[in-house]
Amino acid sequence: RLQESRERLSVCSKLCYAVGGAPYQITGCALGFFLQIYLLDVAQLDPFYASIILFVGRAWDAITDPMVGFFISKTSWTPFGRLMPWIIFSTPFAVISYFLIWFVPDISRGQVMWYLVFYCIFQTLVTCFHVPYSALTMFISREQSERDSATAYRMTVEVLGTVLGTAIQGQIVGKVITPCIESPLFIGKTNSSVALEELNMTHDTGSLTDTRNAYMIAAGVIGGLYILCAVILSVGVREKRESSELQSDEPVSFFQGLKLVMNHGPYIKLIAGFLFTSLAFMLLEGNFALFCTYTLGFRNEFQNILLAIMLSATLTIPFWQWFLTRFGKKTAVYVGISSAIPFLIMVAVLDSNLIVTYIVAVAAGISVAAAFLLPWSMLPDVIDDFKLQHPESRGHEAIFFSFYVFFTKFTSGVSLGISTLSLDFAGYQTRGCSQPSKVHFTLKMLVSAMPVGLILLGLLLFKLYPIDEEKRRKNKKALQDLREESNSSSESDNTELASIV
């Protein structure tokens, strides 16, 4: 009892640990919703170069996850721990690089390289923060119940972080109207059309400066929150080396474990299903600001519409948690993710209407909540199934999670790159007050037709996923029997090891 009381984490420790999950979600939301429209309309990059920045940055982010995980595994223990130094030393450089992403350099050439370099640097540094933070769960306590409780606190704060990132970025930037230039086709084909356009450009210079300043202010606020969360985490959480020293598993070969994991059928089917459904919501996330601004004509409302999506997602996560425990996870997938389809079709077919758009935003948020929660709820079931089929092979949990993240990030980079490139082919006009009809059609495809098609394909692949509720209960019972058998056979060894410790 004395040992258990020592291992119990205080509410303050759990809250300090949970706060560390906010920076990744806050910055990720701000970049996901606003970086594309910033590069096109504020930094005024050509859509082709913007697509390269978005694709390479996301693809690099995917690659850095397993790389950083490998280097962390080779890190020696220090007086601050093995993981905490990565979090502490990466934070200031991550904040600086994040701020420079939202800064427009006064150079005629090299802007593309500026954003590409600092975007990749930030993705590397935020990975150096988030990967060790995720692994920190195993080093805060030896009690599984305490780890689970701390994880529940973390998930709550991370969901709130997505709302906070959308709210801070959207409300600060939304206070300033981004200037635009009317196309000469709308001004009139007269001798004064060029002069009028030049007049607009001169008049809008101050407004564009205000818009750029608003993006930098938002970056400064988010950077300050990043530092504050890192300080609270490093001060309030103590990394315990002894939490991992009693593990008796032998180190496993990374590539051998990867081969076993990739040959596990349920894992591949789960990844395939969520890959397409995740792509659907990523396309919606990346292009929704442009769709609201140009196709729907809500230039001054899009930040509030985005906030409605994230608030709806936050408030409905407890509902989906109850739903999946009551009706099963596969049923939750079909109901939760497919519920967005009629509303996505509605927003593209009906005429521009602000009330309808808010209804669609709330409905999309409900599906976003299901898509956010369900992958992390179903992956443990796949790992349990793997353990039963390979009882002699242990220590592969990190591979399951890291490669799911890797595939998701890489494909999101591909989708963002292709979508921005499609706008370039459609004739997107940088800083235009209006866009050609081909751009409107392309945006409707990117936020309606393509997400609907990807959702349907993902749900079809989920039909092949073999772990239903009955299978999950059988696996849980079989694993419990194996643990009891293992504990009884090694009870004397454990007693001896405990006395030595």
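The backbone N, Cα and C atoms fix where each Cβ goes, and this holds for glycine too.
Sequence-distant contacts of the compositional bias 'Basic and acidic residues' (476-486), counting only residues of its own chain at least 6 positions beyond either end whose CB sits under 8 Å from a CB of the stretch, comprise 384, 387-388, 391. The annotation compositional bias 'Basic and acidic residues' is assigned in TrEMBL to 476-486.
What TrEMBL records for 476-501 is region 'Disordered'.
Per TrEMBL, transmembrane segment is recorded for 15-39 (among others).
Among the features that TrEMBL reports, transmembrane segment is placed at 83-105 (among others). With a cut-off of 8 Å between Cβ atoms, the residues of this chain six or more beyond the transmembrane segment (83-105) that come close are 20, 27, 31, 35, 38, 42-43, 68, 72, 75, 111, 114-115, 118-119, 121-122, 125-126, 128-129, 131-133, 135-136, 139, 212, 215-216, 218-220, 222-223, 226-227, 230, 233-234, 237, 239.
Sequence-distant contacts of the transmembrane segment (112-133), counting only residues of its own chain at least 6 positions beyond either end whose CB sits under 8 Å from a CB of the stretch, comprise 20-21, 23-24, 27, 39, 43, 45, 49, 52-53, 56-58, 60-61, 64-65, 68-69, 72, 83-84, 86-87, 90-91, 93-94, 97-98, 100-101, 105, 230, 233. Here TrEMBL flags 112-133 (among others) as transmembrane segment.
Feature annotation from TrEMBL assigns transmembrane segment to 214-237 (among others). Note on the transmembrane segment (214-237): residues 12-13, 15-17, 19-20, 22-23, 26-27, 30, 34, 38, 42, 84, 87-88, 91-92, 94-95, 98-99, 101-103, 129, 133, 136, 140, 164-165, 168-169, 172-173, 175-176 of its chain, located 6 or more positions outside it, place their CB under 8 angstroms from a CB of the stretch.
Only residues 6 or more beyond the boundaries of the transmembrane segment (267-284), in the same chain, are considered here, and those with a CB under 8 A from a CB of the stretch are 32, 261, 333, 337, 344, 364, 367-368, 371, 374-375, 378-379, 382, 386, 400, 403-404, 407-408, 411-412, 415-416, 419, 446-447, 450-452, 454-455, 457-459, 461-462, 464-466. Residues or ranges marked as transmembrane segment by TrEMBL: 267-284 (among others).
Sequence annotations record features per position, and here TrEMBL assigns transmembrane segment to 304-324 (among others).
Under the heading transmembrane segment, TrEMBL lists 331-349 (among others).
If you look up TrEMBL, you'll see 355-377 (among others) marked as transmembrane segment. If you look at the transmembrane segment (355-377), the same-chain residues 6 or more away from its ends with a CB under 8 A from one of its CBs are 159, 270, 274, 277-278, 281, 284, 292, 296, 298, 305-306, 308-314, 316-317, 319-321, 324, 329, 332-333, 335-340, 343-344, 346-347, 404.
TrEMBL lists 398-421 (among others) with the feature transmembrane segment.
Listed by sequence, the residues of this chain that lie at least six past the ends of the transmembrane segment (441-465) yet keep a Cβ under 8 A from its Cβ atoms are 266, 269-270, 272-277, 279-281, 283-284, 287-288, 290-291, 294-295, 330, 333-334, 337-338, 340-341, 344-345, 347-348, 419, 422-423, 425-426. As annotated by TrEMBL, transmembrane segment applies to 441-465 (among others).
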Chain residues outside the transmembrane segment (304-324) and at least six past its termini with a C-beta under 8 angstroms from it: 29, 33, 159-160, 162-163, 166-167, 170-171, 174, 288-289, 292, 298, 331-332, 335-336, 357-358, 361-366, 368-370, 372-374, 377
As a quick check of your reading of DSSP, tell me how many residues in the compositional bias 'Basic and acidic residues' (476-486) are helical, how many are strand and how many are coil. 11 helix, 0 strand, 0 coil
